[in-house]
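Below is one structure, written out as structure tokens; comments come after it.
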Amino acid sequence: MYRQIPNTTTRISQDSRGVIQLPSGDEISSTTANIDHIKNRYGQQIYINTYPQYDPNVSYHGYDLSRDISEYQFGANNGHNQQNTTNRPVPAPRKTHSNYSSESELVKSKNGREQWSGRFDFFFSSLGYAVGFGAVWRFPYLCYRNGGGVFLIPYITLLFLLGIPLFYLEVNLGQFTSQGPVQCWRMAPIFKGLGISMSLMSFFLTVYYAMLLAYSILYLILSFRSKLEWTTCGSWASANCTDDFSTFVMRCNYENTYKDPNGRCYTWTDQGLTQIGWWDVQSRIQYRKPVLPTDDYFNNYILNKSPGMGFISTMEWPLVLCLLAAWVLVFICLCRGIKTSGKLRLYVVYFTAVFPYVILLILGIRGWTLPGMSRGIYFYMKPDLSRLADQRVWNDAANQIFFVLSVAYGGLITLSSYNKFTRSTLGNALVISITNVLTSIFAGFVIFAYLGYLSYMTGQEVQDVVSEGPGLAFIVYPYAVTTLPGAPFWSILFFFMLILLGLDSVFASVETIVVVITDQIHGLRRYNTLVILVVCIAMFALGLLLCTDAGIYWITFLDQFTGSYPAFVIGLLECICIAYIYGSNRFRADLIAMLGSKDYGVRLYRIFQICWLFITPMLIIALIIFTSINYPSLKLGRYNFPSWSYKLGWGLTGLILSGIVFYAIYAIIYLLLVKRNSWRALISPEQKWGPLLEQNRKKVSYYYGRQQGALVSLFDRLTKRTSSRDTLARSKSIDTSINEKEESISTTRPPSRIGSESAV
């Protein structure tokens, strides 16, 4: 908008035709030197365009002078017969010449930040980040552990009350600020430690995520054989390994057979009674519980699993090489920045978007035609409502929502920070969130069909067919491909699919950590490739612990303690900062400036506002309280983790949350003790808060002190905070001096464009 400087009527007037009479060029040029450093009452630079003298090739701090001139209202005809007092025609607007071919290049040049080069890059990058191992690997084993269908009730409920509101919050915050997980919290400096905790949580998550990627690479390599090794029991098999379920239970109703009360079947021979099988399933299971070949293959061959978490004796070198290959692949894809990775994703997007569903559909069709599959589907869909009283079901459901949507991990903020400022966010938030959950549910239908088949063949209950734990997907899916003709071919496709899903998730996590580092140390942006290399090497070195024979225990340990509490606390503080400190109404004004008042996200903002203010924080607080009262025990199959692992786990949780605590202490010391600021400096937006680019900052109005959060307003009312007379007098004197400077300039200047105070 244009702001009229006071007392301009002494030198600027209109003639009888309504044409504005401007001062001569000499008068204009005589005061140019006096206005370069004029600031408004908020200390912001006031930019006043020089007219008619301008150079169309000069940027003038990002302002296009020809565009500004074209927007002046000269007379009633608005552009026709526009003349000044010297009858010189106003030149037609011309484009400013620039060395940059696109807005994304401009961003990279001025601020060291990049933008997505295509309109679908963010969508598919964030979709791949969210729809990863969490949907295909983690969801089935959590659902299996928590009673099947009952798990879906809190899972879907928390999706709409917790997951989508936080997803929408992070995407808007990253896009509005074009900053990473640390700098985006400049709205309240005391909360900037949230970004550090997010990056720490992403760091430990990526360490074991890459190990799952290494498992998939190893399985992919082993699939290039004429016959899959895990089809039958081999030298690595245990005594309970069973690959022929046709003789697992016998009828024993033939001639010369005898049913023993202990459940065995005998036949009469010349040597006497000879056991030929079992007639009672329960007796058979009690004597020797059958184990799938894929179960023994994963635990005894791939992992060479030790007796417990503290028993580390060997390093599994095939896993080390596969982990190294995974990190080399990640580095190659990321070393040239987000544009390269975005284009790479875009080139294969139609393949990677459809390919996982095709493979899952093929496995599902085969599984849905097997006998007994209805047992598994029934277990998956019928809820045991009594399990809803178990707080672990709710804890695992909430933890899975955070995990599968990747909220509170910083990746969404990072990916959305590369968006164009005006891109709509509601559609992406809803489509990605719902697609992710539907993918998880669809993967559940596939895996539970095979569990039902195994239950039918062995006579066991569905929940007893295989051992629960993070390895469930690497037991059931490999078994599923053995039921298909041409099993090696389908095994290759399946594990290639897992690699693609895992890579997208690892990409975003590594980008998050790198962005946090380079946003804090701007000089490292020119060495971005080196920073990525150092991060990858550090994660690979820490991942070597997972390549030992006790690696699966450490994966379970990290999966339990890197999410859950840290994710809950970060999500809670996000809501508090936006809704109660910065102010949900102020954030709405920011979204209007970014998206426009007609955007559907702005129209539906009240729904998200209610969630951020009440529903989401209350749910998270309840989860934290009930989980703390009865913290679930950590188990892997029949193995109970030792007590020292809990102490180590709480130490890891404290390490992740230490970013919040230590940065808050630093902010208090620096702002209150060193800078001698008021306590309000801790929760007031910094001067640099807002959009990163100057052309976007001009769209936002900053009304400091207005529309503040509910907690700040409540505190002010309780303490009856009022401005002292000295403060009021000082502010009036400052305003008077500024107005005098503006009046001295206004006598020779046309109406000026105030860049930093444009209306929303």
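Backbone N, Cα and C define each Cβ position, glycine as well.
Residues annotated as region 'Disordered' in TrEMBL: 74-104 (among others).
Residues or ranges marked as compositional bias 'Polar residues' in TrEMBL: 75-88.
The transmembrane segment annotation in TrEMBL covers 120-139 (among others).
The feature Na(+) binding site is assigned by TrEMBL to Gly128, Ala130, Val131, Asn436, Leu501, Asp504, Ser505.
Long-range contacts of the transmembrane segment (151-169) within the same chain: residues 142-143, 381, 383, 388, 393-394, 396-398, 400-402, 405, 407-408, 412, 425-426, 429-430, 432-434, 437, 441, 571, 574-575, 578, 601, 608, 611-612, 615-616, 619-620, each at least 6 residues beyond the stretch ends and with a Cβ under 8 Å from a Cβ of the stretch. Residues or ranges marked as transmembrane segment by TrEMBL: 151-169 (among others).
Annotated transmembrane segment per TrEMBL: 190-222 (among others), in sequence order.
Sequence annotations record features per position, and here TrEMBL assigns disulfide bond to Cys233-Cys241.
TrEMBL lists 317-335 (among others) with the feature transmembrane segment.
For 347-368 (among others), the entry in TrEMBL reads transmembrane segment.
With a threshold of 8 Å between CB atoms, the same-chain residues lying at least 6 positions outside the transmembrane segment (397-418) that come near it are 113-116, 121-122, 125-126, 129-130, 134-135, 138-139, 142, 146, 151, 154-155, 157-159, 162-163, 166-167, 170-175, 177-181, 184, 195, 198-199, 201-202, 205, 338, 425, 432-433, 436-437, 440, 505, 508-509, 511-512, 515-516, 563-564, 566-568, 570-571, 574, 619-620, 623. Marked as transmembrane segment by TrEMBL: 397-418 (among others).
Taken from TrEMBL, the feature transmembrane segment covers 430-453 (among others).
Listed by sequence, the residues of this chain that lie at least six past the ends of the transmembrane segment (489-518) yet keep a Cβ under 8 A from its Cβ atoms are 112, 125-126, 128-137, 180-182, 195-196, 198-199, 202-203, 205-206, 209-210, 212-213, 216-217, 219-220, 223-224, 228, 326, 329-330, 333-334, 338, 341, 345, 352, 355-356, 359, 362-363, 406, 409-411, 413-415, 417, 477-478, 481, 524-525, 528, 531-532, 535-536, 539. Among the features that TrEMBL reports, transmembrane segment is placed at 489-518 (among others).
Non-local neighbours of the transmembrane segment (530-557) in the same chain are 203, 206-208, 210-212, 214, 299, 303-306, 308-316, 319-320, 323-324, 327, 330-331, 334-335, 469-471, 510, 513-514, 517-518, 524, 634, 636, 639, 641, 645, 648-649; each lies 6+ residues outside the stretch with a CB under 8 Å from one of its CB atoms. Here TrEMBL flags 530-557 (among others) as transmembrane segment.
Feature annotation from TrEMBL assigns transmembrane segment to 563-583 (among others).
Residues 158, 161-162, 165-166, 168-169, 391, 394-395, 398, 426, 564-565, 568-569, 571-572, 575-576, 578-580, 584, 588, 591, 710 of the same chain lie 6+ residues outside the transmembrane segment (604-629) yet bring a C-beta within less than 8 angstroms of a C-beta in it. Look at TrEMBL and you will find 604-629 (among others) tagged as transmembrane segment.
If you look at the transmembrane segment (649-673), the same-chain residues 6 or more away from its ends with a CB under 8 A from one of its CBs are 189-201, 204, 557-558, 560-562, 565-566, 569-570, 573, 634, 679, 681-682. The feature transmembrane segment is assigned by TrEMBL to 649-673 (among others).
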Could you name the stretch, out of 190-222, 317-335, 430-453, with the greatest number of CB pairs under 8 A to the transmembrane segment (563-583)?
190-222
Same-chain Cβ contacts of the transmembrane segment (190-222) under 8 Å, 6 or more residues past its ends?
132-133, 137, 180-184, 228-229, 302, 318-319, 322-323, 325-327, 330, 408-411, 413, 474, 478, 491-492, 495-496, 498-499, 502-503, 505-506, 509-510, 512-513, 516, 539-540, 542-543, 546-547, 551, 554-555, 558-559, 562-563, 566-567, 569-570, 573-574, 577, 581, 652, 655-664, 667-668, 682-683
Around the Cβ of Asn436 (Na(+) binding site), other Cβ atoms within 10 Å, all chains included, total 26
Around the C-beta of Asp504 (Na(+) binding site), how many further C-beta atoms are within 10 angstroms, looking at every protein chain?
22
May I ask which of the binding-site residues Asn436, Leu501, Asp504, Ser505 is closest to Cys241 (disulfide bond) if we compare their C-alpha atoms?
Leu501
